[in-house]
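Data first, discussion second: the structure below is written as structure tokens.
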């Protein structure tokens with residue numbers, strides 16, 4: 001089918017979602033009152049804003065993730081040719097992951113890997 | 001001797017039949033639509049079985065029956081639930097970010113269905129036979145986190161936001177070790193094409209041929225993919241005792257239903273990838289050994305005895321790869337359900353510690369050992 005199947009799948013997904021939600025809109029019983037639009041926080045009225053600055057811990061892990069995810073992107077082309085290249089590929093990967101491993105150890109030493 | 005019928009023969013025959021009476025562009029369009037719809041329907045049928053299986057497995061593991069009121073042994077329970085969800089109102093909270101709130105479930109569904117394109121269901125049964133198959137699945141399934149973050153943030157609900165942030169941290173973290181395990185198998189197979197990876201396992205699955213490192217890679221992949229699907233014991237994103245329902249707290253009706261469906265589609269895709277990479281996809285079990293009864297066993301598994309049978313019986317053998325494919329799929333899903341009722345939920349610091357201090361270093365070392373195996377040609 002080729003890459004056209006991606007477009008077909010995308011259209012199917014959007015159509016499926018829209019039809020399902022639309023059927024709900026037609027058959028669903030709808031009512032409104034001011035209490036209903038409030039955020040659901042187990043009965044207690046919500047206090048303060050929700051869209052505020054969040055814990056920096058998540059940000060640190062996102063940064064670390066970026067480094068290692070780019071590493072994996074580099075590893076994919078390497079993995080397809082490792083058989084043809086032989087020993088050179090092995091030494092290469094040893095150096096490459098070695099450097100990143102040092103980076104991981106540094107992050108470990110700086111306590112960036114433990115949740116705060 | 002009558003040769004066995006293959007899917008490619010059947011597909012070529014259908015193509016010829018259509019081409020004889022229609023314009024080429026119409027043939028292409030019909031084939032495209034039929035194939036894509038067939039793939040999605042096959043997945044949805046799998047999802048229906050998965051939901052039923054989940055409830056029954058959960059029930060029997062807790063010494064109860066599970067659903068058994070609606071229909072025979074409760075088989076119609078899911079359909080009753082779908083009708084209930086369809087009759088519920090799709091409600092948007094007044095203070096929510098309306099656009100993102102509506103887009104989030106649609107985006108999640110798009111992303112998880114797109115991951116279906118390069119999956120090889122049987123010999124020649126693949127929607128998009130591409131040389132970047134596995135990379136594409138990894139790339140597209142990591143976009144699922146955007147839908148979850150979108151849903152959590154736009155709800156304007158603290159539980160939803162916390163659930164989404166946890167889920168984001170969890171999914172991106174575990175993606176690393178899942179990716180490294182995939183790279184390990186790609187290094188063994190030497191190709192990113194899903195069909196190519198499966199064909200490279202014709203003389204034994206990678207989990208058997210790749211020695212212990214391949215087995216470790218399998219275990220790491222299963223743990224990481226359980227976490228990526230937000231399933232227990234990694235279900236912090238929707239830890240019901242602390243966050244009500246996590247990122248989909250504010251969703252109701254069919255919008256919630258889409259998130260629910262999405263979770264099962266993701267499970268299905270992850271299991272398909274696991275069976276493609278490690279368990280030989282649609283390849284039957286093969287003993288990579290060289291003695292008498294192993295050969296006999298492999299011949300039986302490859303349905304060699306059917307070659308002398310009448311032609312119409314060999315049509316039955318078409319189903320053989322599908323039996324193996326779906327068998328492995330549901331085996332892995334059963335394991336994921338088993339985990340759910342065996343391990344207690346992790347705390348967020350334990351979760352990140354498990355990934356960054358244990359799984360990630362382990363999978364890097366594992367990858368280097370696999371590279372050594374490939375370079376020295378130690379695999380079968």
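Glycine too: its Cβ is placed from the backbone N, Cα and C atoms.
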Stated TrEMBL location of transmembrane segment, expressed as one of B:57-77, B:78-98, B:204-224:
B:204-224
Report the listed stretch (B:25-50, B:174-198, B:264-282, B:358-378) having the maximum count of Cβ pairs within less than 8 Å of the transmembrane segment (B:312-337).
B:264-282
Restricting to the same chain and to residues at least six past its boundaries, which positions have a Cβ under 8 Å from a Cβ of the transmembrane segment (B:358-378)?
174, 176-177, 180-181, 183-184, 187-188, 210-211, 213-214, 216-217, 220, 223-224
Intrachain residues whose Cβ lies under 8 Å of the transmembrane segment (B:99-120), provided they are six or more past its termini:
39-40, 43, 92-93, 126-130, 132-134, 136-137, 140-141, 143-144, 146-148, 150-151, 153-155, 193-195, 198, 250-251, 255, 258-259, 261-262, 265-266, 269, 272-273, 276, 281-282
Report, as numbers and ranges, which residues of the same chain sit near the transmembrane segment (B:174-198): CB under 8 Å and 6 or more residues beyond its ends.
118-120, 123-124, 126, 129-135, 137-138, 142, 206, 209-210, 213-214, 217-218, 220-221, 223-225, 227-228, 234, 273, 276-278, 280-283, 355, 359-360, 362-364, 366-367, 370-371, 373-374, 379
